[in-house]
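Participant: Got a structure for you, questions after.
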């Protein structure tokens, strides 16, 4: 049996020896990475320009507030929807909303009315809840138990390549517009084309009951779920002590985007340089995810030790990077804005803020990959992990909604930095406690949650 809407069908016999089988976890994680490359990857590039590529950040702040408010709700229930509809319908519905959102900024380039952007943001919040709940379930449940960090890093690298390519779009198309206030129409059209490709690619994702690991085990033997079952199980998450320990990490993990995108990249750099910076911000994420993924899978024999070491390392780096952010923030404020920096014309003045922004990207990937690894270590079945991932994304989005409104109300840059630094710092000891108490050592390749099959699959 499979998901409702993703019925299993007969297929020819396929060997389980090749990692590059279409139904292998590696290929499926690659595909979900490609989907996120095209949709949230391009969205990240759009957001990373500061103000959604507009001179006035108000429209982007309000659209983002609407987005993350609905995302907070649909992120939490997204896991339940995934368990009912399965990956294809859930992911496709989510991806389609990204196209609409990018189109709303194209509209705003011509008609300065933010209503469409705000409505599109709210709709995207619903779709993003579907997409990320499905992504979280796939990324944490499809891989073998002892290689989840590696698969997370593979996904994160492909996903953030979208930010790299997406950063090149405004950089190239606006290269000679050094004094422009908003990006041109071609920038938004380019984003929409990539997002449309992502929506179509999502239809290639297989349900977990059809994904077979190299050892012959399926990722889940889940039966049909129902609305009533999912409603009860989602409510239980708010009393689950494991999820409660993740709350600060979830809340903070998108909270800092507003500060980094609007008040570092958006305030300190001109338009074309913001696109240039984003190439390296999202490129740094690829480096960070690979590094932390290796540590979480291979640094020590004990899985619990690997988790605690990884959290300690991210905490140490995070402290240093936010300290650098503090040093940078002392140079300017809302009422004392510096001249815009250009990557070609500003010389050595450009280097320090650019390197800080690069390090913010590095830390983001390490922090979120670490949290996903911890979530993936709490269970093995897709049904449970889709709910855990949805809970994480829901709270993450609630934090982001608050952060965008904080910026809309012109809270000082320094106050935003201090809150961001404090929230991430609080997360580390709580995640350490969670790993110490709840993470078990690596199980055998075939465990109780996996259904053993023969060398042929159907």
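Every residue, even glycine, has its Cβ placed from backbone N, Cα and C.
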Participant: Kindly point out the range from 154-175, 396-417 that TrEMBL annotates with transmembrane segment.
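Facilitator: Checked against TrEMBL: transmembrane segment maps to 154-175.
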Participant: Considering only Cβ pairs within less than 8 angstroms, which of the stretches 26-46, 114-133, 187-206, 279-296, 308-330 has the most against the transmembrane segment (154-175)?
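Facilitator: Ranking 26-46, 114-133, 187-206, 279-296, 308-330 by Cβ pairs under 8 Å to the transmembrane segment (154-175) puts 26-46 first.
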Participant: For the transmembrane segment (241-259) against the transmembrane segment (418-439), do we get 3 or more Cβ-Cβ pairs below 8 Å once near-sequence pairs (under 6 apart) are dropped?
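Facilitator: Answer yes: the transmembrane segment (241-259) meets the transmembrane segment (418-439) with 3 or more Cβ pairs below 8 Å.
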Participant: Given the transmembrane segment (26-46), which of the listed stretches 91-108, 114-133, 187-206, 279-296, 350-378 has the most Cβ pairs that are under 8 Å apart from it?
Facilitator: 187-206
Participant: Mind checking which residues of the chain, 6+ beyond the ends of the transmembrane segment (279-296), have their Cβ under 8 Å from one of its Cβ atoms?
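Facilitator: Contacts with the transmembrane segment (279-296): 41, 44-45, 48, 148-154, 156-157, 160-164, 166-168, 171, 265, 306-307, 309-310, 313-314, 354, 357-366, 369-370, 373.
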